[in-house]
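**Student:** Right, I'll just put the structure down here and ask away after.
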Amino acid sequence: MGGGGGERNSMGVLVPTVNAGETSAPAGAETEAAVVGTEVVVVTERVAEEEEEEEVDKDILCPICMQIIKDAFLTACGHSFCYMCIVTHLQNKSDCPCCSHYLTTNHLYPNFLLNKLLMKKSARQMAKSATPVEQLRQAIQQGCEVSVKELDSLLSLLMDKKIKMEQEEAETNLQILLEFLQCLKKQKVEELNEIQNDLQYIKEDINAVEKRRIELYRTRGRYSAKMRTLVDDSSAMTVRPPLRDKGSGAIVSSPVNLQEQGRAGTSQTRNTDTRAPWNPQIVQRKDDNQGGSDSQDPNQPGKSLARKRRVHAQFNELQDCYLQKRRYWARQSQKQGERVANIMNREGYSAGLEDFQSVLSTFTRNSSLRVVSELRHSDIFHSANIVSSIEFDRDDELFATAGVSRRIKVFEFSSVVNEPADAQCPVVEMSTRSKLSCLSWNNYTKNHLASSDYEGIVTVWDVTTRQSVMEYEEHEKRAWSVDFCRTEPSMLVSGSDDCKVKVWCTNQEASVLTIDMKANICSVKYNPGSSAHIAVGSADHHVHYYDLRNISQPLYIFSGHRKAVSYVKFLSNYELASASTDSTLRLWDVNENVPLRTFKGHTNEKNFVGLTVNSEYLACGSETNEVFVYHKAISKPAAWHRFVSDDQNDPDGDMGSFFISAVCWKRDSPTIVTANSQGTIKALVLAA
C-alpha cells in the first residue's frame, strides 16, 4: 500500500488535479501560486497607477480644446482653460463654457499652481521617454553633485564605448566596401569572360572567312587557267593564215612566223592574266550581265566602296547584331550539345556567322527606294484622297486600296508597273456607305476581300461579282482593323473603338467570340501559323496576345510603347512587329515573351501611317511624307523615300501638310506599294 501511496504522490506532482478531494498542495505548487500572486499584485498596481494617471490627465485637459492645458488661466467661477482658448471663446460669447456663468476677460486670472504642476508633469514625462544619455545630460545641467573620481570612471566608460562604436562602424564600412568590390570584380570578370568568348568567336570566324577566300582564289585560279588554255587555242586558230597549195599560188606562212605569232598571243594572254586579280573575272562578268542590269555597271569597285561605307555608318548596330546572333547560337549549342556546335554550312561557316552574313549582305546591298510606278487614287467625285489601306491578294497579282473616298479599288500590279500612267485604271471598283479603315484578302478564296469602316461594319466582298457576301454590324463604334485567318480561311477578326475584339465566321451571321477590353482597339492580327492566337494593338499603350481558347486574360502583354499601339503585324509565327504614335516600331518574340528590338527614325505622333512586314524587313510611313524601311536586325533605317508634291500650287514641293497613310510589301519581293494622304500611290523597289 505504501508503494501505492508513493505512486499517488508522484502522480500528484505531475498532475495536481488528478485527485479532486485532496486539500494539501505540494511545495512546488505553493511556490508557483505565490509567484503568480505576486505578478497579479504588480499588474494590478500598474493598472491602478495607469488609471490614476488617466484620471489626472482628464483633470488637466482644457474643456474647450480637450488637450493638456497650456498657459492655464482660472475663471471667477473656478474653471481652468488654456488662455488662448478662453479668450477666443469670450470673443463670441460672454459665459463660461462649463457652467454658463456670466464671464468676461476681466474675470480671468493666471493659475500659477496649475502651471507649476503641468511643468513638473511635463518634465516627468520627458524623463520617462528620454534616453539614458539625455537623462545624464539633464542631471548634469540641473547641477547634480558628482565627484571627480565618478567623472573619471564615467569618462573612461564613455571613451571605451566610443572606441568600440568606431571600431564597429569601421568594420561595417569595410564590409560594405569589400562586398562592393567583390560584386564589381564578379561583374568585370563576367564581362571579361564575355569579351574573351566574343574574341574567340571573332577569331574563329576570321579563320573561316579567310579559309573561304583562299578557296575562292584557288577556284578562280583554276578557272582562269582553264580559260587561258581555251584563249590560247582560240588565238592560235585565229592568227594562223589559210594555206594554199603551190598550184594555186597561195602564200604559206613560215613556222617561224607562226611561232612568233603564238608567242605574241601567249604574251598578251599572260598580260591579261596578270591584271585579272584587279578586275572582276571576264566570264563571271558575262554571267552577271545575263543576270541583271546592276552587274553591267562598270563601277563595281564603287558599289563595293558604298557597301563598306554603309557598314561603317552602322558599325555599332551591326556589331550588336553579330554578337547577339553569335551568342545565341553558342547557347543553343550548349543546350543541344556538340552535335549542333559542329554543324557548318557548305562554306565552312558556323550557324551564327552564316546568320549574320545573311543580315550583312542583305542590309548593305540595298540603301535606297527607287520609284517604278506612280498613280493617283483620287477621282473627280471625291475630294477626300487619304488611302487608309493597301493589301495584296493571295498570289500578289492584284492589290486593293481603300480610304475615306468610300471606294475599294482593285488594281492589277503588272499593269500598274508596265503600262503608262494615263492608262492605269482599276480592274474592279466598289462603292461603300462609309469611309473605310482596313482591308484583308482571304488566303484561300482568292476573290474574297474583307473591309472595316467608320460605322463599325465589317463586310466580306466578292471581288468578281462586286457584291457583299456578308455584313456584320455588331460593333457600336468605328472599326479600325480586320484580318482573315490564314490557317482557317472562314474565320476573321475585327477591332473597334467600342473596346471590343470580335471573331467572325463567314458561315454564321453573328460573331462567334467577343473579347471586352478596357481601351480602344486600333489593330488586330491573326498569327499566320495558328487560328487560335491573335495580337491586339490597343490605345492603352500595350500589345495584347490572346489565345482564343481562353480569353479570360491575355496570354502575354507586351509593354514598352509610350502611346497608343496603332498597328500589329507578324513577320513569322513567332516574330511580332508593332507600331505606335510614340514614333517607334518594336519587335517582339511571342514564344519567349521578350522584346527583341526598337526601331527609330520616322515621325508618327497622331496619324495612322501604315505598317507592313516581310520575313526580313519592316516598312512604315512617316508624318514627314516619307516611307522608311528597316531591316529587322538593325534599329536604324536601311532606306527611305520622300514623296514630292506635283501640285502646281506648291512649286517648292513642300509636303509638310501630307503624310504617308498606307504601305504594303509584295510578298517575297523587294517591291513595296505606298500611298499618302494626298492620294498618290507609288510602287517602290529596294535598290543599291
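Residue positions begin at 1 at the first shown residue.
Using N, Cα and C of the backbone, Cβ positions are placed for all residues, glycine too.
Here's the feature list from TrEMBL:
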- 62-100: domain 'RING-type' (DOMAIN)
- 151-212: coiled coil (COILED)
- 236-307: region 'Disordered' (REGION)
- 254-271: compositional bias 'Polar residues' (COMPBIAS)
- 290-302: compositional bias 'Polar residues' (COMPBIAS)
- 472-514: repeat 'WD' (REPEAT)
- 558-598: repeat 'WD' (REPEAT)
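Give me the local environment of each listed feature.
**Tutor:** In the predicted model, the domain 'RING-type' (62-100) has a mean pLDDT of 90.
Sequence-remote contacts of a segment are chain residues at least 6 beyond its ends whose Cβ falls under 8 Å from one of its Cβ atoms, and for the repeat 'WD' (558-598) they are 520, 522-530, 533, 535-545, 604-615, 618, 620, 630, 632-633, 635.
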**Student:** Which numbers of helix, strand and coil residues does DSSP report for the domain 'RING-type' (62-100)?
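**Tutor:** Tallying H, G and I as helix, E and B as strand, the rest coil: 8 helix, 9 strand, 22 coil.
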**Student:** Treating G and I as helix alongside H, and B as strand alongside E, what does DSSP give for the repeat 'WD' (558-598) in helix, strand and coil?
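**Tutor:** So the repeat 'WD' (558-598) is made up of 0 helix, 25 strand, 16 coil.
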**Student:** Going by DSSP assignments with H, G and I as helix and E and B as strand, what are the residue counts for the repeat 'WD' (472-514)?
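**Tutor:** When I sort the residues of the repeat 'WD' (472-514) into the three classes, I find 0 helix, 21 strand, 22 coil.
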